[in-house]
């Protein structure tokens, strides 16, 4: 189990990323825009740098919904590999069965 503070930190990062998503996209469009002047680009870069670090989506970490484990995360299920195996063995994931060949 991950510490509660680590799970809470991820929740804050998700909220910040959602809050600043539109502003971030707008500034990045100005920076990468062909028609933008150098001065506008530089202003956009400075504004982008002044946004909170945790508002960047790349700072988010996928975590298991049940345990908060950051490694071995399977996106399809939203769980770590360990919890996927446990729930699959109990038959709680519809359509998933153990492979045998």
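Cβ atoms here come from the backbone N, Cα and C positions, even for glycine.
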Per Swiss-Prot, the range holding region 'Disordered', considering 27-48, 49-70: 49-70
Chain residues in Cβ proximity to the region 'Disordered' (49-70) (below 8 Å; excluding those fewer than six residues from its ends, i.e. six or more beyond): 1-3, 6-7, 10, 12-14, 16-17, 19-21, 23-24, 78-80, 82-83
